[in-house]
Structures are given as C-alpha cells and as structure tokens.
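Here the structure comes first, spelled out in structure tokens, and everything after it is commentary.
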Amino acid sequence: MEKRIRELTSLLNQYRQEYYTNDNPSVSDQEYDKLYHELIDLEKEYPEYIQKDSPSQAVGGLILSGFEKYQHPFPLYSLQDAFSKEELEAFDRRVKSEFPKAEYIAELKIDGLSISLSYESGRLVTGATRGDGSVGENITENIKKIKDIPHQLKDDITITVRGEAYMSRSSFQKINLERQENGETEFANPRNAAAGTLRQLDTSIVARRELASFLYQEASPSQAQNQEDVLENLEALGFSVNKKRLISSSMEDIWSFITQVEDERDNLSYDIDGIVIKVNNLAMQEELGFTIKAPRWAIAYKFPAEEKEAEILSVDWTIGRTGVVTPTANLTPIQLAGTTVSRATLHNVDYIAEKDIRIGDTVIVYKAGDIIPAVLRVVDTKRDQQLPMPIPKVCPSCQSDLVHLEAEVALRCINPLCPSLIQRSLEHFASRNAMNIAGLGPAIVEKLFSAQLIHDVADIYQLSLDSLLTLEGIKEKSAQKLLDAIQSSKSNSADKLLFGLGIRHVGAKASRLLLETFGSVENLMKADDQSIAQIDGLGHVIANSIKNYFAKEEAKQLIFELKDKGVNLDYLGKKVDTSAQLFGLTVVLTGKLEEMTRQEAKEKLENMGAKVTGSVSKKTDLVIAGSDAGSKLDKARSLGIDVKDENWLLQL
C-alpha cells in the first residue's frame with residue numbers, strides 16, 4: 001500500500017503542475033477526482049504512509065470527507081416573486097399604506113448560489129450554503145478559495161453577511177471548453193456550474209474554477225440606517241459589492257431601471273435573473289416584518305422567461321407521491337435559458353384540453369419560474385393533421401382506474417398499493433428536505449422496491465448490509481455509506497420526519513410550525529384539529545389533513561414502527577411553550593420604545609409565546625405602542641384591538 005500511495009502522490013502532483021503552472025492538463029477533472037479519492041481512502045486507512053508532498057496536505061488543495069450541516073444564526077428567507085409591473089405596484093401600495101414616504105433601493109438579482117459568511121474578530125470562521133433557510137451546509141474551505149472573499153476583514157468585528165457566489169460567463173465558457181475537450185459532460189449554465197463547484201470535496205478544483213461573489217446583506221444586527229449604508233459598509237470591509245443600483249421612492253423610476261437593466265443584461269459579464277426591490281430604511285424594514293415565507297419589505301422582480309419553439313414527439317404520463325398523474329411532453333431538443341431542454345410539463349388534462357395540445361404540434365416552450373420547462377401554447381399556423389391527445393383511463397403503473405375528482409384539475413390514481421405511488425413516497429421520505437438519506441435516490445429505491453426489500457418507509461430502517469449486497473451494482477462501500485446515512489437520519493428533528501410522511505398540504509414550513517407547538521409527533525397525533533388550526537400560518541385545511549391522516553390505523557402503526565426502530569419523534573429546535581402567558585396571541589410593536597430595543601421587546605414577547613408580526617390586521621390581538629406611534633396605532637384603534645404601552649410589557 002505504501003508503494004501505491006507514493007505512486008498516486010507523484011502522479012497527482014504532476015497533474016496539479018500541468019493544471020496550475022502549465023495551464024495544460026493531460027487528464028480530465030473526472031479522472032483526477034477518481035485518483036484523488038483513491039489516494040484519500042488509502043491515506044485514511046494507512047495514515048503512517050502519508051507523504052509530505054501529498055496533495056491532501058497541500059495549501060492549495062484539501063480533500064473533504066463531506067459537508068456538515070450548519071444551523072444559520074439568522075434565517076435566510078426567500079423573497080416574494082413578481083412577474084409584472086402590476087405586482088410591483090401592488091407591493092408599493094402595501095408598503096406606502098404603512099410608510100407613505102418610503103424609499104426603495106433596487107439591486108441586481110445575481111443568478112448564483114446564496115451564501116452566508118460569519119466572521120469573528122474580523123476573521124472568516126464559517127461559510128455556508130442557504131440550504132432550507134434554517135440549516136445549510138458548512139462549505140468554509142471551499143468559500144476560502146473564492147478570491148474576492150476576504151479571510152480577514154479590514155475591521156476586527158464580529159458579523160454575519162449574506163450574498164451570492166457566481167461564475168462569470170467567461171469562466172463558464174472556459175470550463176465547458178475544457179470539459180468538451182476532455183470528453184466530459186458540459187455544465188448546463190453558470191448557476192449550475194457554481195453550485196456544483198461549491199459542493200466539490202477537492203478544494204483545489206474550487207480554486208481553479210474562478211468563482212466570484214457579490215455581498216448585499218448584514219444578517220447580524222447592523223448600525224446602518226438603510227440598505228445603501230449596508231452596501232457601503234460591506235465594501236469598506238473589503239467585500240465585493242455590485243455597484244449597479246437605484247434609489248427612489250417612485251415605482252415608475254424603479255420600473256424604468258428594470259427596463260434599462262433588462263435591455264443591457266446580455267452585456268454583463270455575469271448572469272442575472274431579475275431585480276430585487278427593498279425598502280431602503282432598515283427601521284421601516286423591521287416594522288414591516290416577515291410573513292411565514294418572506295420579508296414584507298422586499299420583492300424580487302423576475303425577468304420574463306425566454307420562449308422557444310419545439311415539436312412534441314410523444315407524451316409520458318407519470319404518477320407522483322400523492323397519486324396525481326402528470327403529463328410530460330418529449331420534445332425536439334432546444335436551447336432554453338442556458339440549458340438543453342427535451343422535456344416539458346403539460347401540467348394536467350384540463351390544461352391540455354384548454355390549450356388543445358396534440359402530439360406532433362409545434363409549441364412555445366418556456367421555463368416556469370425560470371426553472372421548470374413548460375408548454376405555453378400551440379403555434380396554430382404550424383398545425384397539420386394532428387389528432388386530439390389520447391387521455392389515459394387507467395394508471396400506467398398499476399392499471400387501476402384513474403379518477404378526476406370534483407374541483408380538481410388533475411387525474412389521480414387512488415390505489416394505495418400503486419407501485420409508482422409507493423416509490424415516489426419513499427423517494428420523498430429520503431429527500432434532502434425530509435429525512436435527508438444520502439444515497440437513497442430514485443434508482444436505489446426502485447431496486448429495493450423491485451426486490452421486495454422495502455414496502456413502506458419503516459422498512460428502510462431494517463435494511464442490512466447483506467440485503468443491500470443482493471442488489472445488482474451495489475458494492476460494499478456504497479452499501480455501508482447508505483446504511484450510515486439511514487442510521488444518521490434516525491436522529492433528525494421530528495419536523496423532518498413529519499414532512500417526509502408526505503401528508504397532503506403539510507409542507508416543510510408547516511411541519512416545523514406544528515412541531516414547534518406540539519413538541520413531538522406523538523403529541524401531534526393526540527392534538528385536536530382546533531388547536532392545530534389556530535397556529536398562525538396554518539388553518540383548517542392543514543388541521544383537517546393532519547386529523548384525517550392520523551385517524552387511519554395504518555398511519556398510527558407506521559409511527560410506532562418508526563419509534564421501535566429508533567427514529568426520533570421529538571422536535572429538536574426551540575419549542576413553543578403552550579402554557580406561556582401570551583401563547584397564541586399575535587402582537588404588533590409600533591412607535592419608539594424608551595427602555596428596551598425593539599429586538600429585546602420582540603424576543604421577550606416571543607419567549608412568552610406571542611407571534612410578533614409587522615402589520616396590523618383583524619388577526620392582530622394586541623398592539624404595544626411606544627412614543628410617536630403612527631398609522632399602526634390608528635388602525636388598531638379603528639379595529640378595536642387592545643393597545644398596551646411599553647411599561648405594561650416591562651412589568652410582565
């Protein structure tokens with residue numbers, strides 16, 4: 001083994017020299033990675049033979065065994081999207097109803113990967129991906145390879161900042177040319193290339209792919225008065241900040257800026273997919289607050305999707321985890337928004353009928369939300385003798401009759417034993433936002449299901465090395481990795497489990513809200529629908545769905561089986577104390593507080609069980625008003641909402 005380690009060390013150092021110094025690599029990234037992983041595996045097993053000049057020991061590169069989860073100290077919210085001027089005007093009206101003199105700042109929406117950087121005493125200590133907004137991946141070593149991200153700030157401060165890592169168009173073209181010459185699959189677009197690069201385990205690959213960044217937010221408490229100050233502060237600290245922006249109180253000015261940027265976007269050296277409009281004043285931002293998903297003080301205008309013509313060659317009908325049958329068109333390949341597209345969703349049978357879509361039609365294809373290829377309409381002038389689309393009457397997986405339920409647009413398979421439905425449910429359970437079982441993807445699920453090794457999610461936890469090795473193409477090392485991932489998933493917070501169960505209408509955020517309130521899946525099973533419905537952000541639809549799911553004996557049995565197999569049923573995040581003095585109340589803070597900061601007041605209220613929101617409505621239970629309270633206090637009084645002062649809060 002010592003001889004092989006020496007050989008690999010020498011060979012890889014030669015390849016590194018070719019790449020970094022000579023700019024003339026003789027092997028592909030794929031071949032380099034393969035040899036690199038062989039070396040690192042051997043070095044782990046025989047550490048006594050590690051060479052001093054091993055690439056794994058070099059400053060320029062580091063092999064990572066994987067990425068640890070990282071709990072963000074401050075949530076990374078997504079933004080509300082807008083696709084029209086009318087939606088921006090509606091946003092403007094909402095903001096101006098609270099702050100008539102509000103000023104906006106418009107910034108470019110960089111098409112890259114969201115990152116969060118934490119510094120202590122000016123030193124970079126953590127770089128992480130966004131993940132689900134609460135938990136991301138720690139990619140610090142890769143972040144350090146982005147040249148314009150400082151390792152040490154110009155000021156010895158402790159701060160968390162947010163921004164976007166991206167790949168320039170020139171770097172993207174250079175990398176794809178190299179991959180083409182090496183016979184490797186090309187990246188679809190710069191965003192995919194940037195995302196794939198930051199998940200590399202070999203940091204030297206990250207270094208040579210020349211990523212860049214733009215920072216735009218101080219996530220930790222800021223001394224700045226407005227967003228413009230934030231950007232100037234970030235630049236003064238040594239970060240790269242995009243200089244193309246506009247400040248105005250007029251949405252007409254903002255729209256003119258959007259139009260100008262859209263006309264010029266092809267001349268930029270990097271990709272953008274829209275414009276982000278924020279309330280400039282940070283105090284106003286705090287007053288406006290957040291919904292369950294996004295800030296009320298910002299909106300992301302997305303540029304209209306690019307459209308291309310393609311011919312429908314055939315249609316596939318597939319079953320989702322809830323039994324919904326989705327038609328997908330197979331197309332003549334086209335280049336669309338930087339990717340090659342050969343399939344596009346047709347949504348549902350009602351959509352096909354409404355648009356009169358037929359096999360053989362020439363259609364207009366676009367990317368819905370700039371992500372999912374979809375058929376927009378038929379090019380009628382190019383229709384010949386195409387026949388109406390044949391609609392399936394039976395499930396393509398289990399041959400059961402399909403149903404078209406009243407008030408639904410989708411065909412649905414309602415056979416609980418449908419193989420496709422079960423497999424999709426298993427895939428969902430193992431997915432990243434659910435139980436995050438790495439290695440248990442669609443291909444492995446299909447093999448396990450076909451071999452009758454798993455029938456429901458509880459069966460996942462009785463898989464063994466011997467049973468996995470009976471599957472074709474599964475080696476001992478990959479089987480053990482899968483078992484380790486399964487074992488690790490047992491300790492997930494129970495909101496991940498709840499989401500993984502695939503209960504209708506219960507998404508990831510609803511799962512977290514439910515478990516924050518009830519503390520465990522077992523407590524939730526015993527909860528009445530009224531106590532569920534009163535949780536802010538949920539309602540009766542989700543409450544009924546939860547009640548109906550746990551009313552089924554097989555659902556209860558599944559939970560008990562998972563518990564017996566060691567799966568955690570408790571919520572591991574911060575729980576809501578249902579006995580707290582203000583539990584269940586929706587509270588709004590307004591005006592200037594004298595003895596407390598607004599953040600201190602917010603934290604005290606939340607610790608007492610209240611939900612603090614940014615705007616007054618009929619759902620508001622209480623308003624705490626400081627001095628110089630304005631329109632929110634007036635609105636509270638007009639609605640008959642109870643109003644208290646700061647002294648009342650201090651005495652609680």
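Indices start at 1 and increase along the chain as displayed.
Just so it is clear, glycine is given a Cβ too, placed from its N, Cα and C backbone atoms.
Under the heading active site, N6-AMP-lysine intermediate, Swiss-Prot lists LYS109. Under a cutoff of 8 A between CB atoms, and with a sequence separation of 6+ in the same chain, the neighbours of LYS109 (active site, N6-AMP-lysine intermediate) are ILE272, ASP273, GLY274, ILE275, VAL276, ALA300, TYR301, LYS302. DSSP classifies LYS109 (active site, N6-AMP-lysine intermediate) as strand under the three-state reduction.
DSSP gives LYS278 (NAD(+) binding site) a strand state. Taking Cβ-Cβ distances under 8 Å and a sequence gap of 6 or more within the same chain, the neighbours of LYS278 (NAD(+) binding site) are TYR104, ILE105, GLU107, GLN227, GLN285, TRP297, ALA298. Swiss-Prot lists ASP29, GLN30, GLU31, TYR32, ASP33, SER78, LEU79, GLU107, ARG130, GLU164, LYS278, LYS302 with the feature NAD(+) binding site.
Its Cβ placed at the centre, CYS418 (Zn(2+) binding site) has 20 other Cβ atoms within 10 Å. Sequence annotations record features per position, and here Swiss-Prot assigns Zn(2+) binding site to CYS395, CYS398, CYS413, CYS418.
Per Swiss-Prot, the feature domain 'BRCT' maps to 577-652; the stated evidence is sequence analysis.
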Secondary structure content, the domain 'BRCT' (577-652) (per DSSP, counts of residues): 24 helix, 18 strand, 34 coil
Candidate with sparsest Cβ neighbourhood (10 Å radius) among LEU79, CYS395, CYS398, CYS413, the listed binding-site residues: CYS398
Chain-mates of CYS395, CYS398, CYS413, CYS418 with C-beta within 8 Å of site centroid, Zn(2+): ILE319, GLY323, PRO396, SER397, GLN399, SER400, LEU402, ASN415, PRO419, SER420, LEU421
LEU79 (NAD(+) binding site) to CYS413 (Zn(2+) binding site) - Cα separation in whole Å: 34
Pairwise Cα distance for CYS413 (Zn(2+) binding site)/ARG130 (NAD(+) binding site) [Å, integer]: 36
Cβ packing number for ARG130 (NAD(+) binding site), 10 Å threshold: 20
Rounded Cα separation (Å) that holds between ARG130 (NAD(+) binding site) and CYS395 (Zn(2+) binding site): 38
